[in-house]
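Visitor: Shown below is the structure under consideration.
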Amino acid sequence: MYIWQQDDWPQFRYDMAALVQLIGEVRKLQGRLLGHTECLDHEASVATQLDTLVQEAIETSAIEGESLNHASVRSSAARRLGLEASGVSPKTEGTDQLVTMLADAAANTAEPLTPETLYVWQASLFPERPILMPSEAIIGGLRQDLHGHPMAVVSQSKHREIVHFVAPPSEVLEEELATFLTWFNKRSPEVDGLVRAGIAHLWLVTLHPFSDGNGRVTRAVADRALAQDEGTAVRFYSMSAAIMRDRSRYYDMLEDTQKGDLDVTAWLHWFLSTLKAALERSLGHFLRTLDKSRYWKENRDKGLNERQMKVLNRLLDAESDEFSEGLTARAYKSIAGTSKPTATRDLSALVQLGCLVPLEGGGRNTRYAIRQPDRKMP
């Protein structure tokens, strides 16, 4: 039995006591991230929004196994944000419409979500009918069960087909979708906004209202719920990127929940944990961006050569664990594309100029770290 076949569907239940600590952690991260975004000037803010929109478009497609051209997506996103001059690659209709859908999902948070909106979003994913899409499949409307068979999510394992989920029959979709949208648009104050986003994600993808594109439309709806909860249309983190990093668990959690009863605590815990990971990753990016800005404000007039600036930028842009043990002369040589003697001289000069600090150990295998002024936390 699937969750939608339960007698009390869709009366979802969850243990708030099991979620309250995680919700608090997410709220704290939301506040910290908002504090950092307020430190950005307009140019940096728009650039960060651009990066986030590009990442969301690429990753929500990647979850479904679709690979997009990064330059095309970036060009479409730049156009959407009014940055025509920054577009260096011609857009395609597909990426343009996908980006528009994602931006619309977060931007128009005051408008009620309607069936027509969802139809437009789903149709935007398929400006041209895919070659492998069945001719009976509907674009821009609710699906119809083909040949009397209900829609199923299946995979192949060696010589057998595995059925992961069977969706509700198409004849009940109009009523089921209306029930979902009434709940979504009500925005009951009794339901925490983060919990609402998680339930919306699970509920809509369980209905599976379309012939194709259900996952991407569902994630856009969840993103709207998050934007409504945060009270801002500006997106500085990508939930889809976090889901993609835990894609296997994502599908496992959906399958387990859709085959269970209406207690969705485990699903909500996973959803909130994934949201927390998305916020932490975005916060780390912001901290690196702010550190980099402060660093170059202090060091830009020290007469550094191109090699030195290239390596310093590499260190400043690196993830936290990439150079956790410091930069070696060998790594400098590789990044700068220079000889070992030149690398040694460059490193020595950077230490004398106060751009790098040698780590404990010394000797021939000295390692170096960025000399960064103390960070002021919002």
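A Cβ is built for glycine as well, from the same backbone N, Cα and C atoms used for every other residue.
Taken from TrEMBL, the feature active site applies to H208. Taken from TrEMBL, the feature ATP binding site applies to D212, G213, N214, G215, R216, V217, T218, R219, Y250, Y251. The domain 'Fido' annotation in TrEMBL covers 113-273.
Describe the structural context of these features.
Guide: DSSP assigns H208 (active site) to coil in the three-state reduction, placing it in neither a helix nor a strand. Its Cβ placed at the centre, H208 (active site) has 23 other Cβ atoms within 10 Å.
The Cβ neighbour count for Y250 (ATP binding site), using a 10 Å radius and every protein chain shown, is 18.
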Visitor: For ATP, with binders D212, G213, N214, G215, R216, V217, T218, R219, Y250, Y251, what's the maximum Cα separation in whole Å?
Guide: 18
Visitor: Measuring Cα to Cα, how many angstrom lie between N214 (ATP binding site) and H208 (active site)?
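Guide: H208 (active site) has its Cα 6 Å from the Cα of N214 (ATP binding site).
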Visitor: Once the DSSP letters are reduced so that anything not helix or strand counts as coil, what is R216 (ATP binding site)?
Guide: helix
Visitor: Any idea what DSSP makes of Y250 (ATP binding site), helix, strand or coil?
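Guide: In the DSSP reduction, Y250 (ATP binding site) maps to helix.
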Visitor: Provide, as an integer number of angstrom, the distance between the C-alpha atoms of Y250 (ATP binding site) and H208 (active site).
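Guide: Y250 (ATP binding site) and H208 (active site) have their Cα atoms 16 Å apart.
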Visitor: Let me spell it out: for each of the binding-site residues (N214, T218), count the other Cβ atoms within 10 Å of that residue's Cβ, using every protein chain shown. Which one has the most?
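Guide: Top count of Cβ atoms within 10 Å goes to T218.
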Visitor: Once the chains shown are all counted, how many other Cβ atoms turn up within 10 Å of the Cβ of D212 (ATP binding site)?
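Guide: Around D212 (ATP binding site), other Cβ atoms within 10 Å: 20.
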